[in-house]
Amino acid sequence: MSSTTIDPPSTTKPIQKSVLRTTINPWLMPSLVVALFVTIVLSVGIGAVHVTPYEIWLILRKAMGGSVEVDGTKEAILLVIRMPRVCLAILIGAGLAISGAAIQGLFRNPLADPGLVGISAGASLAAVTMIVLEVKFFQTLTGLLGMYALSVVAFGGACVTAFFVYRIARMAGKDLITTMLLTGIAINALSGALTGVMTYLATDEQLRNITFWSLGSLGGASWTSVLGILPFTVIALAGIPRLAKSLNLLALGESQASMLGVNLKSVKRQVIIFATMAVGTSVAVAGIIGFVGLVIPHLIRMGVGSDHRRVLTGSALGGAIVLTLADSLARTLVAPAELPIGILTALIGTPVFLWILFQNRRR
Amino acid sequence: MLDVRNISYRIRNRKLLDGVSFQAKPGEMLAIVGANGAGKSTLLKLCTRELIKFTGEIQLFNKQINTYSDKDLSLFRAVLPQQNSVVFPFLVSELVLMGRYPHFEFHPSEQDYAIAEMALKKVGMWEFASRIFTTLSGGEQQRVQLARVLAQIWDVEQGILFLDEPTTGLDLLHQHQMLELAHEFTQKGFCVVVILHDLNLAAQYADQIVMLRAGQIEAVGTPRDVITEATIKRVFNLNVWLIEHPEMDCPMVIPQHRQFTDNQPLTNRK
């Protein structure tokens with residue numbers, strides 16, 4: 001039983017009140033924040049050159065303009081290589097997980113994930129097409145944008161697909177969410193097939209590029225790529241939690257949600273736009289990273305219950321932690337080579353998820 | 001309060017409602033009865049603005065229903081749905097507080113907590129407050145949903161409450177408690193519109209009954225005016241006896257014995 005029965009009966013009144021105010025595992029959110037901080041320090045420190053937390057502190061102080069003596073190599077490694085990579089992992093992890101939680105809430109389906117509305121599929125199709133078909137247009141783009149051309153094209157692909165899925169579902173009319181789900185599945189299958197065609201046409205070297213892309217990696221991290229996705233992710237991270245109440249009401253069903261004053265149209269549009277911004281940009285810089293968007297929200301729900309006011313923020317924190325950790329492993333496990341991060345998230349995440357699921361069922 | 005004027009609703013070429021008019025006043029419980037497919041739910045959905053494309057007029061507080069925003073309506077109008085499917089495992093307390101969402105921005109006020117508590121106690125589900133909603137039985141879920149709906153308009157002066165077959169899945173005691181509670185709200189000046197299948201419940205609790213047949217009004221008025229052998233025969237194709245309620249001034253419906261066996265044999269004898 002819960003703590004209510006343990007407390008002395010003399011204070012019955014406040015206890016009765018607190019039943020409505022119960023938050024499940026109130027310590028979980030603060031500990032997620034602490035865990036994120038520890039993860040950051042850890043990830044920045046480990047690698048071929050080890051940097052202690054104290055050295056990190058010194059290097060940061062120097063970067064802020066303080067006059068302290070630090071090791072030049074370590075400073076360079078930290079500021080140029082590891083810090084941007086960790087920042088990128090945080091942004092992408094948080095963005096993927098919060099979008100996943102919001103999409104699951106919107107579709108009223110715990111099995112939904114951002115890939116379902118065609119965002120990831122569209123992005124990867126665009127990227128693969130660009131890798132394989134070295135068309136004039138793409139070459140001009142590469143000339144203009146250099147190494148970012150691929151990211152821009154991928155983001156464009158994400159936006160176009162999400163827009164298409166939304167439009168087709170709108171045209172089909174009444175039950176927007178079910179139709180979107182079906183349209184998303186259809187579009188996913190189509191872009192899967194087209195990607196397959198591209199793979200078939202590809203040369204050996206292009207195949208290697210495609211694999212890299214479809215398994216995901218944060219290897220290309222730099223301050224430029226961090227700054228590139230920062231505005232999009234920040235807008236999504238700030239915008240989605242504002243929809244928490246509406247997403248809670250959506251769990252009662254669409255008609256009940258609107259009876260309680262939710263503007264369905266605007267909520268749907270906002271969730272889709274924010275999710276496309278976060279997921280589209282993350283696919284653009286790091287390829288497809290599975291698992292995070294689907295499973296992190298589940299883990300958080302097991303911990304804090306279903307209230308989206310906690311699930312959304314919790315997912316963002318959880319996603320950031322998991323992806324940062326996974327990336328540290330990706331670059332250290334088989335050093336000096338690197339594992340694709342998508343493989344790691346699934347490889348480690350699945351057993352952990354199954355274990356927690358099992359523990360939960362037994363209770 | 002609720003004024004429905006000559007509304008018709010068609011979907012493709014089927015006319016679901018045809019020229020329906022009635023009025024429900026504050027402090028009144030209005031029951032909508034009729035056979036399956038007579039248009040009861042459609043009528044309710046039009047009144048709650050879940051369906052919008054109709055001809056005719058629906059007014060709330062002498063204003064066209066279309067002129068309200070969803071937000072405005074949610075402050076004084078609550079709807080208990082027939083089916084409730086809640087997808088995520090919310091706590092009962094979280095679910096009831098959702099009824100107060102229209103009234104607060106991010107954090108519930110003291111009053112919101114107090115109302116949620118009163119509503120839960122009112123439906124007798126206070127002990128279940130920290131349980132997970134999806135693990136409750138059907139009848140218990142229905143009562144929690146009622147608490148949520150009541151909490152939504154608890155502190156309004158003149159609210160309007162729509163109940164779509166609220167007694168489904170409830171045992172005899174809770175069926176009567178549910179309608180007793182609805183009646184209590186009419187005493188506060190609320191208007192309650194309820195779809196009922198049980199004519200006896202309708203006769204006992206409603207101030208006014210709207211009886212629908214194939215999308216048209218068959219009869220409207222007090223229970224004694226509407227519930228007659230003739231109307232029931234026409235609407236439900238059922239022969240009934242009417243007797244007096246032992247202590248209340250209302251009729252009670254008792255179906256006649258063995259009226260189907262002759263024309264519809266269960267087995268085909270060859």
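Any Cβ shown, glycine's included, is placed from N, Cα and C.
Nobody curates TrEMBL annotations by hand; they come from automatic prediction.
Under the heading transmembrane segment, TrEMBL lists A:27-52 (among others). Through the fold, the transmembrane segment (A:27-52) approaches residues 59, 73-74, 77-78, 82-83, 86, 89-90, 303-304, 310, 313-314, 317-318, 320-321, 324-325, 327-328, 331-332, 335-336 of its own chain, all at least 6 residues removed from its boundaries and within a Cβ separation under 8 Å.
Away from its own ends, the transmembrane segment (A:86-103) comes close to residues 36, 40, 43-44, 112-114, 116-117, 218, 221, 225-226, 229-230, 232-233, 236-237, 240-241, 243, 247, 271, 274-275, 278-279, 281-282, 285-286, 289, 292-294, 296-297, 300, 308, 311-313, 315-324, 326-327 of its chain (Cβ-Cβ under 8 Å, at least six residues beyond either end). The transmembrane segment annotation in TrEMBL covers A:86-103 (among others).
If you look up TrEMBL, you'll see A:115-133 (among others) marked as transmembrane segment.
For A:145-169 (among others), the entry in TrEMBL reads transmembrane segment.
Among the features that TrEMBL reports, transmembrane segment is placed at A:181-203 (among others). Sequence-distant contacts of the transmembrane segment (A:181-203) (same chain, six or more residues past either end, CB-CB distance under 8 Å): 107, 109, 112, 115-118, 121-122, 124-125, 128-129, 131-133, 161, 164-165, 168-169, 172, 210.
Only residues 6 or more beyond the boundaries of the transmembrane segment (A:215-240), in the same chain, are considered here, and those with a CB under 8 A from a CB of the stretch are 81, 84-85, 87-89, 91-92, 94-95, 98-99, 101-102, 147-148, 151, 270-271, 274-275, 277-278, 280-282, 284-290, 312, 316, 327, 330-331, 338, 340-343. Residues or ranges marked as transmembrane segment in TrEMBL: A:215-240 (among others).
Sequence annotations record features per position, and here TrEMBL assigns transmembrane segment to A:271-299 (among others). Taking Cβ pairs closer than 8 Å, the transmembrane segment (A:271-299) reaches residues 88, 91-93, 95-106, 110-111, 113-115, 117, 119-120, 123-124, 127, 150-152, 154-155, 158-159, 162, 166, 212-218, 220-221, 225, 228-229, 232-233, 235-237, 239-240, 243, 247, 311, 315, 318-319, 322-323, 340-342, 345-346, 349-350, 353, 356 in its own chain, all 6 or more past its ends.
If you look up TrEMBL, you'll see A:311-333 (among others) marked as transmembrane segment.
Sequence annotations record features per position, and here TrEMBL assigns transmembrane segment to A:339-358 (among others).
Outside the transmembrane segment (A:339-358) by six or more residues, the chain places 211-212, 214-218, 286-292, 295, 298-299, 302, 322-323, 326-327, 329-331, 333 with a CB less than 8 A from a CB of the stretch. Panel annotation: around the transmembrane segment (A:145-169), residues 117-127, 130-131, 138, 176, 179-180, 183-184, 187, 191, 220, 224-225, 228, 269, 272, 275-276, 279-281, 283-285 of the same chain, lying at least six beyond its termini, place a Cβ under 8 Å from a Cβ of the stretch.
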